[in-house]
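As recorded in TrEMBL, the features of this protein are as follows:
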BINDING   51, 52, 53, 54, 68, 69, 70, 75, 76  FAD binding site
BINDING   223, 228, 231, 246  [2Fe-2S] cluster binding site
DOMAIN    1-100  domain 'FAD-binding FR-type'
Ligand code: FAD
Ligand code: FES
């Protein structure tokens, strides 16, 4: 982990309120696992808490990484106003990412994402593709306008998209896509997911006895490094035991924590 003023190489609005930020710096050397995140300092002196944002892509040759984020509140709005050539204070990489050791060539892997939970699944997908796995991306969005990286994901594997309002792809949510994908591939070797709580519960429910299901959790964070207990969730085995999403997660094995 390192704190660095990273150079902004580009800032692009991919879809309404969805931005792709490319950063350059030495910190990239330490970005080893997909599913990790960075803690970004908001460029406003009155906003003290950093914002946790997942790594969407890492390029070690060029010392760059990309994050994709949605402008929700004042912190992400301030970040979205930065432009190429400016610098931003980044702490990272943080957290434990996705476990992919078990994946072998030709294994069928489901990668399930919802809305702004989709970004970390791109770097994950690239790494699984390097392992020659057969990838099935199942993605849910509110509406057509919120979709991003459709071409990028399609280049890595099969992509099925659902929208809540039916404006693109299947009408419905990712639970429906899982049912459809299971008809084509009834026994995926692994399942990875990132998105809202309802999506994570649907994945956990659909693959309850599966040995390789990994879920990326989101909790409000303060320190981001395991020191303040702002981000705890409960262990499923013993609900009196707390797990810190920032440093024991954000990725947990299904059944490890209460979602
Ligand atoms: P404000 O409402 O002004 O934020 C106020 C406070 O609440 C801040 O401290 C903020 O960090 C916190 N907060 C608000 N919403 C969330 C949230 N959903 N999760 C955690 N903290 C929150 N969003 C993306 O768009 N892209 C990503 O790749 C992404 N990755 C994430 C990875 C992790 C591990 C976590 C925990 C969250 C991630 N988020 C991501 C959510 C993102 O951190 C929040 O949307 C963002 O912090 C909101 O800040 P704001 O200034 O827009 O909102
Ligand atoms: Fe401080 Fe997780 S955010 S312990």
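Along the chain as shown, residues are numbered 1 onward.
The backbone N, Cα and C atoms fix where each Cβ goes, and this holds for glycine too.
Per DSSP, the domain 'FAD-binding FR-type' (1-100) is made up of 12 helix, 48 strand, 40 coil. Within 10 Å of the C-beta of residue 231 ([2Fe-2S] cluster binding site) there are 25 other C-beta atoms, taking all protein chains into account.
Annotation for the binding-site residues 53, 68, 228, 246: lowest Cβ count within 10 Å of the residue's own Cβ, 228. For ligand 2, none of the binding-site residues lies close by, meaning a CB under 6 A from one of its atoms; the full candidate list was 51, 53, 68, 76. Per-residue pLDDT, averaged along the domain 'FAD-binding FR-type' (1-100), amounts to 97 for this model.
Max Cα-Cα distance over the annotated FAD binders (51, 52, 53, 54, 68, 69, 70, 75, 76) is 15 Å.
Closeness to ligand 1 is met by 51, 53, 70, 76, these being the binding-site residues among 51, 53, 70, 76, 223, 228 whose Cβ falls under 6 Å from the molecule.
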